[in-house]
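**Student:** Take this structure, written in structure tokens, and hold onto it; I'll ask about it next.
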């Protein structure tokens, strides 16, 4: 077999060191962002980068220096309003989620502990009857602990991300006065803070948990890693509520603000006279940042856990080879270092000078991180794995070489890149698909909707092939372990992926603040350019999340099937077939719930906004302030109330099916929901992203074609706004929550 080159001690040091470097790097970025002052006073222009952008930048903006004082104060005031709104929402949400968490933890403990009638005696192992394993009660206790650990880590990472985003949004607006490059760097840096904190925290907590559990489990590795799976379950169950709750919140506010403000009253998007405008900006942070953070953390925790469970019953676990056992964690730690280098390319090596350089720079991030990571995986596979080993494959052991495992990870990594690029092609207004959608607005909203839907369905084709090929390759090389590490490969550059993803909402907020603070037209143009690029990167981030969710849930499905000792799932047996049908229906049921929640919450919001416009005197003239707090409250109440039913649907389905209909039907349900969920999720998020950017394309009027579609307020523009409003719940509520549905059901069944 041969041992691995990297010693066990080396692996034990490498992982925490990389995690600590990641945390340190994110703190450095945070310090750099905080250098932008939010207190009035003549800013020192030349902060060390005088050579690159000397004073010339400042002279253009000199006319805005007249009301400098009041603008800075106003930005600070708006920022604190957004920050307060977001914090109070998350605290309310976490109170409800906390109750749920404790209840679910007790459930897990009872279910797992009751296996041997709560015996605290040791018992023969599941896979090897000759050895004695730890009692079921211990596994139950440790699984519950790791569930709570995962849940808390998920909540903390979402919360920190939100704090950083609300900290950075006004700073981005102020930097936009100096030029688009400065604003880009501020927004991107704060995105990086979140990405690195999340990746490093997730890795560090998991690593510490494994080492602490080891003190009790000793040599019983399969028991140890089975208890660790709770970590992934905790991460994802929190993500579900964060995603659904946040998604309903943000879209209720957004749709309400758009319909009354832009369509009825003809005022700009983030006009301070619009009562729902603060709620809208709060929503961007709660849904897109806190939700997305927990979501990707969940995928990341689950793919690590799936890989570890399979490895623990393969030769790594049986022969107690620690370094290859920790291979999934080593990949992630190398990923942090790779992303660190990649981030420097965006912030330090290249300077952005013009608007058209924003998107290429973000795309470059993806390419650089993927190429570097491929090299990184190659090195890791060479030093951390023995030259040949065996992987558990439905009851027997399959011999695998280390280069085959390298290919598994690499194929996942590149599939992620392909999904990212296809998404970008279909949602960016630099390419023909979105321009065609914008063009169809000439004949009204109906054609716009038809074109948008068609675009979304069409955009499923290539990503599905990419996922299919990576599944085929990785499964034929290394069975279920291969699929788990392919998912990890897709998520290995999570820090960069999250950075470009969190960048979107931050620049969206920056635009809103510029509008509300009454800054000049030129600044709004810059923040809009940042925002349009941000829409595309957000779609790319969702593509990654969906692709990795598909692979992760397949790996979990595999672990479930091997654990439940089913060697084949026969589609022709009625039990399995009805499971497939019902499973394929679940994503539709779930989407229906979330869409309807957004619709009813938006209805309340529209009524409230109309009421304020009609009853508050001097509101349209801008002499009195609207009542922002009521709108924030409507969104909060609606989302907290409405996130329970969809959550319950996902959490209860596996329990009900498993208990009443048995394991075979459950395996059918899992397969069905995976197959239909991925398609809906991809098409929903791409359709929504395309409509949003078609609207921005018309508004920016950058090309002759866009100009011909008219300024803001023209008929094509109104049609585009309607499309964008329909697309909002698709791309920010239903689409992204579906990938959690897929993963969560699988990990819970396991």
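Using N, Cα and C of the backbone, Cβ positions are placed for all residues, glycine too.
Where the annotation comes from TrEMBL, it is an automatic prediction and has not been curated.
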**Student:** Given the ranges 96-115, 216-235, 236-255, 256-275, which one is assigned the annotation transmembrane segment in TrEMBL?
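**Tutor:** When 96-115, 216-235, 236-255, 256-275 are checked in TrEMBL, transmembrane segment belongs to 96-115.
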**Student:** Select from 292-317, 448-473, 604-629 the stretch of residues annotated by TrEMBL as transmembrane segment.
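**Tutor:** Result: 448-473 is the stretch TrEMBL calls transmembrane segment.
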**Student:** Would you call the transmembrane segment (183-210) and the transmembrane segment (96-115) in contact, using three or more Cβ pairs under 8 Å, pairs 6 or more apart in sequence?
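**Tutor:** Judged by the Cβ rule, the two regions do not touch, with the required three close pairs absent.
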**Student:** The transmembrane segment (13-33): which same-chain residues, six or more beyond its ends, come within Cβ distance under 8 Å?
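**Tutor:** 6, 164, 167-168, 171, 186, 189-190, 192-197, 199-201, 203-204, 207, 326, 329-330, 333-334, 336-337, 340, 343, 347, 495.
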**Student:** What stretch in 96-115, 325-346, 479-500, 572-590 has the biggest tally of Cβ pairs under 8 Å against the transmembrane segment (448-473)?
**Tutor:** 479-500
**Student:** Between the transmembrane segment (325-346) and the transmembrane segment (135-162), do 3 or more CB pairs sit under 8 angstroms, pairs being 6 or more residues apart?
**Tutor:** no
**Student:** Can you say which of 325-346, 366-384, 544-566, 572-590 has the most Cβ pairs under 8 Å with the transmembrane segment (479-500)?
**Tutor:** 325-346
